[in-house]
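S.K.: Sharing a structure here in structure tokens format.
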Amino acid sequence: QISKMFGTVVVGVGIAGLARIRDLMNPMPSSPSEHLKLFGFVSRRSFGNINEAKQISLEDALSSKDIHAAFISTENRSHEETIRMFLEAGKHVLVEYPMALSAKAAHELWEMAEQKGKVLHVEHIELLTEEYKQLKKEVAGKDLVKGTLHFTGHVLDENKSGFPAFSGIARLTWLIDLFGDLTVTSATREKQKDKNYSRMTVHFQTANKKPLTWIEERGPGMRREKKINFCFTSGCLENFPEAPRSSVGLFMQDQNLFAKKLLGQVSKEELAAEKWRILRCLDLAEVIQQYCEEPEKIYS
């Protein structure tokens with residue numbers, strides 16, 4: 001029997017899009033990715049070809065019977081609209097996080113995918129890193145007393161990438177995946193326009209009423225790094241555990257997971273847990289944005 005093949009298109013050719021094109025053209029031998037076939041890519045800029053991949057128009061990508069799935073690697077701001085177009089055209093969708101810049105849009109798109117019987121897969125490579133897998137093992141079974149996750153990075157254009165709670169949702173995803181459901185107790189944001197500096201501070205409580213803090217800080221020349229300080233009843237963890245290098249790239253791991261979903265090889269339980277996590281993080285991102293954008297409360 002001929003194994004099922006899914007024609008794919010990559011939309012957007014930034015860093016992620018180029019990685020997607022590379023991985024689709026060189027699938028891991030005997031992995032689920034061998035069931036994906038790249039038909040071309042869509043970009044607003046004109047490239048002609050990238051390696052062997054040919055540029056096609058958005059219209060052709062949407063209408064082609066040969067294309068079953070779209071990999072969306074555009075800027076965050078346009079994810080929602082692009083997902084909607086491809087779902088409406090009856091295609092499966094893989095999109096880089098965050099899937100949308102509002103919780104309402106995310107829930108609507110998820111519902112639409114379910115109604116159409118299509119896979120909507122949101123990339124979360126931050127959960128696939130060896131560093132994170134080791135951290136998760138280290139934290140498992142320990143009782144949290146309090147914790148902080150502090151991210152620093154270069155300046156982002158918020159018009160394109162959205163509010164920091166959405167553009168930085170990878171950090172929120174870590175916290176939810178490590179410590180379970182969270183409630184926002186407060187969130188503030190400091191901006192220095194002249195210095196191009198921004199710092200968002202979010203306070204959460206775990207289900208056991210333990211405090212967690214997430215700081216997302218960006219400014220010119222800031223190194224991209226994460227600092228942790230998680231204190232447990234058994235002691236504190238201030239450095240990431242040593243982790244080996246993975247032989248399989250993160251985008252390739254994510255692509256294999258998407259292909260597995262297309263092939264129906266992911267359990268209903270896993271899919272449900274993932275859906276809950278993704279939508280829960282987007283709901284929280286929205287709550288955080290509302291807290292940060294509230295006018296200062298004035299106490300008389």
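The backbone N, Cα and C atoms fix where each Cβ goes, and this holds for glycine too.
In case it helps, TrEMBL gives these features for our protein:
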type: BINDING; residues: V13, G14, I15, A16, S43, R44, R45, Y97; note: NADP(+) binding site
type: BINDING; residues: C281, C292; note: Zn(2+) binding site
type: DOMAIN; residues: 7-124; note: domain 'Gfo/Idh/MocA-like oxidoreductase N-terminal'
type: DOMAIN; residues: 132-244; note: domain 'Biliverdin reductase catalytic'
S.K.: Here the binding-site residues are I15, C281; which one has the lowest number of other Cβ atoms no more than 10 Å from its Cβ?
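M.R.: Relative to the other binding-site residues in I15, C281, I15 has the fewest Cβ atoms within 10 Å.
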S.K.: Averaged over the domain 'Gfo/Idh/MocA-like oxidoreductase N-terminal' (7-124), what pLDDT does the predicted model reach?
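M.R.: Value for the domain 'Gfo/Idh/MocA-like oxidoreductase N-terminal' (7-124), mean pLDDT as a whole number: 96.
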S.K.: Work out how many Å separate G14 (NADP(+) binding site) and C281 (Zn(2+) binding site) at their Cα atoms, rounded off.
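M.R.: For G14 (NADP(+) binding site) versus C281 (Zn(2+) binding site), the Cα atoms are 25 Å apart.
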S.K.: Whole-number answer please: how many Å between the C-alpha atoms of A16 (NADP(+) binding site) and C281 (Zn(2+) binding site)?
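M.R.: The separation of the Cα atoms works out to 22 Å.
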S.K.: Fill in the CA-CA distance, C281 (Zn(2+) binding site) to Y97 (NADP(+) binding site), as an integer in Å.
M.R.: 11
S.K.: Using DSSP, break the domain 'Biliverdin reductase catalytic' (132-244) down into helix, strand and coil residues and give each count.
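M.R.: Per-class counts: 30 helix, 50 strand, 33 coil.
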S.K.: Ten-angstrom check, please: count other Cβ atoms within 10 Å of the Cβ of R45 (NADP(+) binding site), all chains counted.
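M.R.: Cβ-Cβ neighbours of R45 (NADP(+) binding site) within 10 Å number 7.
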S.K.: From the DSSP assignment alone, can you count helix, strand and coil residues within the domain 'Gfo/Idh/MocA-like oxidoreductase N-terminal' (7-124)?
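M.R.: When I sort the residues of the domain 'Gfo/Idh/MocA-like oxidoreductase N-terminal' (7-124) into the three classes, I find 48 helix, 30 strand, 40 coil.
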S.K.: For the binding-site residues V13, A16, C292, which Cβ has the most other Cβ atoms within 10 Å, all shown protein chains included?
M.R.: V13
S.K.: When you rank I15, R45, Y97 by Cα distance to C292 (Zn(2+) binding site), which of the binding-site residues ends up on top as the closest?
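M.R.: Nearest candidate: Y97.
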S.K.: Restricting to the same chain and to sequence separations of six or more, state which residues have a Cβ under 8 Å from that of Y97 (NADP(+) binding site).
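M.R.: Counting only residues 6 or more apart in sequence, the Cβ neighbours of Y97 (NADP(+) binding site) under 8 Å are V122, E123, H124, I169, A170, T173.
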S.K.: Have a look around S43 (NADP(+) binding site) and count the other CB atoms within 10 A of its CB, chains all included.
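M.R.: Result for S43 (NADP(+) binding site): 18 neighbouring Cβ atoms inside 10 Å.
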S.K.: Using a 10 Å radius around its CB, how many other CB atoms surround R44 (NADP(+) binding site)?
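M.R.: For R44 (NADP(+) binding site), the count of other Cβ atoms within 10 Å is 9.
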